[in-house]
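Trainee: Among the features that TrEMBL reports, transmembrane segment is placed at 6-23, 44-62, 74-93, 133-163.
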Amino acid sequence: MTLLVAAKIVWAAGCIGWYVIRLPFERKVKRERVIDARDRLRELVLLSCSTLGLGIVPLLWATSPAFDGANYPYSPVQFALGTLTFLFSLWLFRRTHRDLGKNWSVTLEIKDAHKLITGGVYRHVRHPMYSAFFLWALAQLILIPNWIAGPAGLIGFGILYAFRIGREEKMMLDTFGDEYRAYSARTARLIPGVY
Ligand code: SAH
């Protein structure tokens, strides 16, 4: 098996792993009553950008010659680093889902019984699930030796993050007021102690 085939398998396994982690939570939140949903259409457009960059473009790279012109030489070190980063992102993704539980949503929503989570990984940063997605995008950049399919995830998820984060924090402030203000004052957004 070539290194390139191994990279495709790792990437596909990562996507399946991500979905297996998410599935039970998707079922669980269906039962929750939503009392505030913001900018739904806009959120769906942003989600499409993210899906394109993290999903569709690397899938096309893995299964078709579409981006072959942008391939570059690969090394076992790059493969190993990409795989490790992918594992780290999935670990963090699982932790954030467990901590956030029924308060999680794909788009910006507040539930009837919404609780502000400040424990677990949320004690260190206020958007650890987005940290996990950035790690995934970084893993894709390292794992895929292609100038288009590699960085596509960072661009796609970066767009979602940039256009969402302000509105998400505004929604949390509107809902939890001083509790969220105090929580924000003692936490970073994505990287503990840095940003
Ligand atoms: N931005 C967070 C959560 C992503 S899921 C993270 O990256 O980990 C998005 C939903 O989570 C939002 O609709 C919001 O309702 C909810 N949310 C965000 N931060 C939260 C928190 N600290 N406690 C409870 N719910 C939160």
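Yeah, the Cβs are placed from backbone N, Cα and C, and that goes for glycine too.
Just so you know, TrEMBL annotations are computer predictions that nobody has curated.
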Trainee: Is the transmembrane segment (74-93) packed against any residues at least 6 beyond its ends, judged by a Cβ distance under 8 Å, and which are they?
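Mentor: For the transmembrane segment (74-93), the far contacts come to 3-4, 6-7, 10-11, 14, 17-18, 21-22, 121, 128-129, 131-133, 135-136, 138-145.
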Trainee: Which sequence-distant residues neighbour the transmembrane segment (133-163)? Criterion: at least 6 residues beyond either end, Cβ under 8 Å.
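Mentor: Beyond its ends, the transmembrane segment (133-163) has Cβ neighbours at 4, 7, 10-11, 14, 18, 42, 46-47, 49-54, 57-58, 60-61, 67, 70-74, 78-79, 81-83, 85-86, 88-90, 92-93, 190.
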